[in-house]
Every structure is written in C-alpha cells, then in structure tokens.
Amino acid sequence: MISTFLVLAIGTCLTNSLVPEKEKDPNYWREQAQQTLKNALGLQKLNTNVAKNVIMFLGDGMGVSTVTAARILKGQLHHNPGEETRLEMDKFPFVALSKTYNTNAQVPDSAGTATAYLCGVKANEGTVGVSAATQRTQCNTTQGNEVTSILRWAKDAGKSVGIVTTTRVNHATPSAAYAHSADRDWYSDNEMPPEALSQGCKDIAYQLMHNIKNIDVIMGGGRKYMYPKNRTDVEYEVDEKARGTRLDGLDLIHIWKSFKPRHKHSHFVWNRTELLALDPFTVDYLLGLFEPGDMQYELNRNNVTDPSLSEMVEVAIKILKKNPKGFFLLVEGGRIDHGHHEGKAKQALHEVVEMDQAIGQAGTMTSLEDTLTVVTADHSHVFTFGGYTPRGNSIFGLAPMVSDTDKKPFTAILYGNGPGYKVVGGERENVSMVDYAHNNYQAQSAVPLRHETHGGEDVAVFAKGPMAHLLHGVHEQNYIPHVMAYAACIGANLDHCAWASSAGSPAPGLLLLLMALLPLSDLF
C-alpha cells in the first residue's frame, strides 16, 4: 500500500511536471501509433538477402533497465524530457530476449556469455572459447575442448574481420573471438599460474597474435600485456602499473608486425592523433592500443590521446568494407559493465550513449540490404531506477518524496548491492548532503559489496538487416551467432547457400520452400 503522504507528494510533483504541449492532443498519440502500425505492416516483407557484412555491438552489462535509463539520458543531453527519445537500437525492427545463464552459473559472467554469443556454445563461468568440459583455471581440461567463433568462420570464408572495444583487447568479450582459455584472467603469462604454463597453456595476449594471425583490425586498450616485464609505457612513462607485464620477454607488437605480408600496409598506433591521421583506404591491417589497460571512461576521455568508440568504429568500417566479400566486426561497449560494478551509474550510462552513437555511425556507413546488425548485452546488473519520478526528472536526480521509514531523500537510481552502501551515524546516508550528480557518485545500494554484481535476468537483442527476423522471441544466448552465420552464409550450416552467389541474392532456402508450397503458375 502507498501511504497518503506518498500519494500527495507524487500527485503534486506529477501535476507540476512538464507535459509537452503536443502530447496533450490525443491525435498526437493516435497518429504516432498509426505510423508505427504502418511500419510494422511493412515488415511482413522479410529481408532474406545474404548478409555480406555482419556487425555485432555488445554492450557489456547493458540490461534492459540500463537501456531505458540511457535512453532518458540521451534525450536529456539534448535538452528534452528524455522518456520519448529513441536510441539508435530502439529503431531496429526486430527484438528478442536472450537467456544469459552459464552452464554452471545462474547469474553469468562475461567470459562464459561471450563464448555463447560468439562461438555458439554455452560454457562455464570464467572460461573463453572452450566448451563446458573445460573447468576454470584447469589448463589440462582445455585441449580438445576448444570451440571456434564467428570471427574465425568469417575469416575462413574470406571476409575481413575486426575487433573494437573500450576494454583491453584481451578482456573477456573480445578474447572469446580468438582465444581458448581456461581462465579469462590469463591476460599475459604474468597472470598465469606456473602449473598452467608448464602444461603448455598460452596467455590470451599471446593467442591474440598467434591464433588468427590476420585479424584485419584490432582496437582497444591493453598495451602493457604486449611488452616484456617492466618495459616503460610510451604514454605513462613514470607509472609503474603501466609497464609491460610479460615474463617470456616477447614483444607482441613486433611479432604482430612480422606476421604481416611485406606488400601489405600494416599500422600500429597508440593515440587518437595517429589513428585519425591514417588514410583507411590504404590501410590493410591496423592494431590500435590506446591505453596500458582498459580505455578511459567516455566522461574522462582525453580527446587528444584516446579516440571515442564512434571514431574507432568509423575507421574500422572504412578499412574492412574494402573487401568485396564483406566483413565481420565485433564492437564492445565494455566499460558500461565497469561503471556499474563501481556503482557509478553516470559513467555507465554515458558509455551506453556513446555506444549508441557508434551504432548510428555504423548505420550511416552500411546498407540494410546487405548488412546484418545485432545489438545485445552479455548480462545485466542489479541496477534500477524508480521512485515515482515525474516526467523529465533528471535520470540522476532525486525521487519526489522522502522515505516514509527513515524520512530521508533517495535518488531514483539505486543498486541491489555494491559499494554505494553507506551508513552515517547508524543511519542511511542523507544523499541531499552529497553531490549525487557527480560523475563518480556511487549510487546507494541495499547490500554492501566492494563491487556490484551482475543481474541474472534476460537481456534484449536488437536486430536489423538480412535475416534479422530470425531473432524474434526468447532464445538461448548461444543461438545468436548461429543466426549471424546463417545470414552471412558462413560457418557449418551452408546447405541453404547453394544458390547464394552474391550479396543481395535471396536466401535459397526460402526459394526452395516457395517452390514446394506454390503451384508453378504462381512462381513463373
């Protein structure tokens, strides 16, 4: 039951809230609904072309509540109330739900989920590019249980391939595209136990350079894992934490360069200036490592040294699309997850807004006719917002009432657990006494933890382009790469591709179905 006090407080606040004048006219809503209906009816003609290109955007930790809050933030950044705003992913015609559990975990991690949505096989928590027969940290359970990813399938089919992330390039999400590791934390050999090294397992950075030697574009953070132990970083010369980590003495950047054919144009860059100075149309291979570890949050980004996710995506597509056979590109907004883990909702949501801008950028550079674009998350977080806030309330603002229990105000955004739990004088902290709009403000949580946890609910999958309609209901997460591969005629399931001689041709499986169902007079 809601108390009389709360009803009065909410009613007063909502009465005083801003209602856009056009929304007071019922015809506004009727016309909007009719246009949406018209658009939906147009979807009855399915896009069954072959996907020449496939782009996957992965918002790490981007649960449905995060999507909604980011939508509001995007609108408010443009001086609108926010709720009515449309993210780029909101414009995609097909939406599904993905079940995110790992084979051994109800609430998953980013490694097991990455194996699912990239390799098509569900796996154990903490493992990448291996089946559930591999146990975390157990090197000797790896051999024979490796599974390959859609990036490998695309490369084997002659397509160009790329990885762009705001985390380390050897972090959980990107590593499942090329590595097979019993532990996601084996970034370099420095992080591996002696037993694993003695049994022949290789660290993830090493695998990035050796497993698929001709990945066309790699961009993100993670420089320190590529260099020998204590090698000074090119950017942070006095920071010991930024120094090289490798115990084997290898210079993986040099090895990357040595693997590239002499007649090809290969470029390693470490800052935004170098990246934007490139002519993408003359670049064959690009390795961009812009930070020793993860890249900076978008709100903290140095505009001189670090490119935005949108800028990296633009350069990547310009390089990859030169291949007449098309490309596969994995793009990760990886620091959404980190913002949530730290209880810093403002950082997390601005990461989503930047990824959404990158989605729009990719859309302007590709065609619905030959490019399948999928946007999804690996898992959710225990992030929520509520409190009967009025229309247009700052997404980072206070609820319109105080608690009817401790008589203190509270922010609309809260976490189920995490570092924002604070007790002052034996009571919940009074948030009106702190700067809750600060970039690094840690929203209050119900349970104290150093790091907030993932959430276990389903996440959304948005899709547009060829065969996007195959993402349409509630699916196991490992179904996603099978759809992408089917649409692109790559991987193992190629029976339907016998007649698909070029991008834009209809999927032959549908032609065969029509021939079976319709009389000849209707076909010719």
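Cβ atoms here come from the backbone N, Cα and C positions, even for glycine.
A quick note: this is a predicted structure, and the numbers were derived from the prediction, not measured.
Using a 10 Å radius centred on the Cβ of SER110 (active site, phosphoserine intermediate) and all shown protein chains, the other Cβ atoms total 27. Residues or ranges marked as active site, phosphoserine intermediate in TrEMBL: SER110.
Residues annotated as Zn(2+) binding site in TrEMBL: ASP60, ASP337, HIS341, ASP378, HIS379, HIS454.
Note on GLU332 (Mg(2+) binding site): other Cβ atoms within 10 Å of its Cβ, all shown chains, come to 29. Sequence annotations record features per position, and here TrEMBL assigns Mg(2+) binding site to ASP60, HIS171, THR173, GLU332.
What TrEMBL records for 1-17 is signal peptide.
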Mg(2+) site, defined by ASP60, HIS171, THR173, GLU332: further same-chain residues with Cβ within 8 Å of the Cβ centre: LEU58, SER110, ALA114, THR165, THR166, THR167, ALA172, PRO174, GLY333, GLY334, ASP337, ASP378
By Cα-Cα distance, the member of recorded positions SER110, HIS171, THR173, GLU332 nearest HIS379 (Zn(2+) binding site): SER110
Cα-to-Cα gap, THR173 (Mg(2+) binding site) vs ASP337 (Zn(2+) binding site), nearest whole Å: 11
Sequence-distant neighbours of HIS341 (Zn(2+) binding site) in its chain (C-beta under 8 A, six or more apart): GLY61, HIS381, GLY418, HIS451, GLU452
